[in-house]
């Protein structure tokens, strides 16, 4: 997906012989970073190779499916392969190691908890509760002595063939070892040396096995450009703009992989991987703790670098080389080696071997030179104290905000004096800063743990540290103060026992224990399979890579590939588009712009939801940076993407864009401010004792679907078959018809499944589908297009940013007398995907709005049209009103719970009280609140916060949704196709459960097939959490019609078995196919409310701004859940997506041209496995059947994201305690989303002036 090793969606397993030990080793790698030619002599195992439905599934696949660790399934194969590789490399892996090994695997759907549970159940120390969940799997599977996976007793030499005495010769045994357990494995040629032409002779690829051969090649190729290839992970940070003439694969050079340990020094082979280095350091620190005990600290730091698959192949020299070429790169390897005084051994092609310090290396010309070794000194643990730090914007798999290393020789027996010049290193300050020389000089000979010394050295650091500004990095002031705080932390850690108890909490980073989860719900066996916690229908297929997505479809004859050319600025008037250079590239077929569109230049068919057309390709003035200008068509996707960079777009003029609501309001341009909906007061209250005025702000969020926008269009006769990753096939059909002039009845859009959507593929997917269809129609050839991540992030709109201005008058008890709110929603350049209809209901929540005046406006800005994003409008509105309730409680000094109850409507009050009473009890809120307050009183640098938040979410239904149910007389099986799109929410599973229940048959007789506009015409999008409800209802009604038709025969045959009944019906001419369309005319399902409450507890490190969620208790009203496992997954996934929104996800734009700057995994950070609550508990409301739902159920896809709002309030409690410690007045303060570590640090007012021993 990302093509830079940041998402983990492409992980495979590599088996190869280590060049030194000659032993086979197996590890996971990101295939996007591994050049195919570097696989020479290695065995590559993909997800297809370890198990499938025909030959049986691997245990890892079985467990992930059984634990319901899949939703959309796009990330699942890579999750499986990472765990598979871990088990192969370390069969006795622990739960802690498992949980620490998935930082490089992003999952937007699940919230990670079930994935971790599944894989921890495979650990050697798995807890009993995890083992119990898979007893049935264990009963079905026997451990293979060769492999430990599922045994089919077909391996040669299998020891489980108790009744067979087949002898196995050595050749057979060797064959087994070579092929392991896999059924599908690609094994390259075994030749060690290799020379190949790459790219039609434009480049050379050499594979070498010795340093001598490298030097020979240097002689041969000079003065050509070259690249040494080992792990190739640098491409994940800095893309190659000018490919070299020569590639030299040095991954199997044994001399560069060896190490040697002496009392005088430690030699590391420069090509040792980070994983190998970590393992060596762990072992060495135990074997020789006196001289090399410090290497365990280095291993801990390396564990924070990138992710497991990257560390498995990324090398020490490779990382240092990135730093050499890009001094601004915050290399952790460079930092830790510089801290301990490492030297590099560098060999030149002339034969000269030099040993140089790291800083000298930075400025060396490295052409025709190779780092062969890294030399580390021994450091006596009796005298030296080392610590290093890496502060990141999330737990794992991200570069440092600031990193630091400290090495002091300290006399602990003499007042902790610094006996020699210490080492103080900071990274990510500026491109030239490494040593804090002035601070080092001052501290020599000083007592380290002394307040006067500390105060003065901090002043020196304040002058010495000069961070440079970078718009996508943390603010320079924060980085400077953070660096000083890390030095302070180091000082405290030298001897915590003599530090004042109040400040002692600052001596170490937050420690994260193993995470856990608990799910509590009720199931009714009388109505099974409805309410039964079944495994998802597609679970195993997803875990085996057998679930087909659009881009998995086999290539058609003559197929071509498309890539969008997008604008690099907003408000630019296009004067010329020159594609001549691109069209001259061999393999590039065509380039189309607005002038080439046969029909209407739009990908939106206006209707009552969408008032405006939007251009497929910009025809004149660019409306936002990232707007498509044209489409390149080429022989491969890679070539098409490359060719887009050759298209030159000239602009006659451009204006600075207005990107934010504030900028538009300040401009005075009222044409950009469009009234939407409003709440008008119908009553008055006059007991106004307090008037509160303020603002509340929310920024945007990228959907982060693992499957990017994708489409495949195939002309067939005079028709067009469209395979689109869309939530709304009917919109794609209509838009393609308008743009190509192909009548709608000749366009069949088919969707089997979507790899995540969250709203991004409702209207926005039509942009891609229409562009793709135009090209296919013009060329009369199949065209496939998969957007790359950067284009996807720039071209497609995101969550609506919000600015709410409010004034509220309350009495002394906190009861609202009047409320005025102006809500401004940033719609981007268009009013499509508008959210006012949802916001107006969301802000009401549980509360009495009779005295409220709420005006909702859409604000047009020079951004991409904002797109519906999970709980659009509602999340922002609920966050706004809950912030107001918190502020009322603060001003009136009343309990926030009582304030909310006081302002609740009489109708909602019983439910609100039930929600609060249940969550207060189940979460043990009051006891924990007391403990939090006590903790905060005792600690200066560590704080906790706890929040409790109610949630009321309105589910609004739209027409129309179809279902077609067909029963086959051959065997009585049932095929269903609906207008609902499976995108991870379990819609197919719920449909199958409802159908099985209604028809009275087993679920395994039912198959849910792809959605097509032929069988589900004119359907509305699958979104708003209503897809499962509507198509399940339509399915139920279609099944009831079939049951009605079968009733006479059933009575006549006196309740026969299912198959005889169906065969008799067939012979009797009974129609065994029925369809039904849900519409708003139905009494149920129809609009209803979802209720809930959440308690969130956090722990904050004030010295860094980092925090972790200790526990989250989520209570949600799901009615009678149709499928508890599915609904738990939806609740957890929505909640974690919300936590990402309120925490680490931050979109940054260039203010001058509107270009998105955070458009990669390197700069945009959704939550990872280490960012979820340490303890996450989900509880379903009991005894709450929903009369307006399908079989008494309620929707779960979106409401739970609103629970994440409580994170803000919990953090504010912690920050408030910090402000109190500083002696600040007890005043209200704003703490807006995103609640980044930087923002928390600065809001809390952490100041080096307050640092004390």
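Cβ atoms are placed via backbone N, Cα and C, with glycine included.
What TrEMBL records for 1198 is active site, proton acceptor. Under the DSSP three-state reduction, residue 1198 (active site, proton acceptor) is assigned to coil, being neither helix nor strand.
Taken from TrEMBL, the feature [2Fe-2S] cluster 2 binding site covers 72, 75, 107, 109. The C-beta environment of residue 75 ([2Fe-2S] cluster 2 binding site), restricted to residues of the same chain at least 6 apart in sequence and closer than 8 Å, consists of 7, 8, 9, 105, 106, 107, 108, 109, 706.
The feature FAD binding site is assigned by TrEMBL to 390. Reduced to three states, the DSSP call for residue 390 (FAD binding site) is strand. Taking a C-beta cut-off of under 8 Å and a sequence gap of six or more, residue 390 (FAD binding site) has these contacts in its own chain: 301, 304, 332, 400, 403.
The feature domain 'FAD-binding PCMH-type' is assigned by TrEMBL to 198-381.
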Segment-level pLDDT (mean, integer) for the domain 'FAD-binding PCMH-type' (198-381): 95
Long-range neighbours only, meaning 6 or more apart in sequence with Cβ under 8 Å: which ones does residue 72 ([2Fe-2S] cluster 2 binding site) have? 108, 109, 705, 706, 707, 753, 754, 755, 756, 757, 983, 984
If one looks at the chain holding residue 1198 (active site, proton acceptor), which residues at least 6 apart in sequence have a CB under 8 angstroms from its CB? 870, 871, 874, 953, 1024, 1025, 1134
Other residues with Cβ within 8 Å of the Cβ centroid of 72, 75, 107, 109 at the [2Fe-2S] cluster 2 site? 70, 71, 73, 74, 76, 108, 110, 706, 755, 756, 984
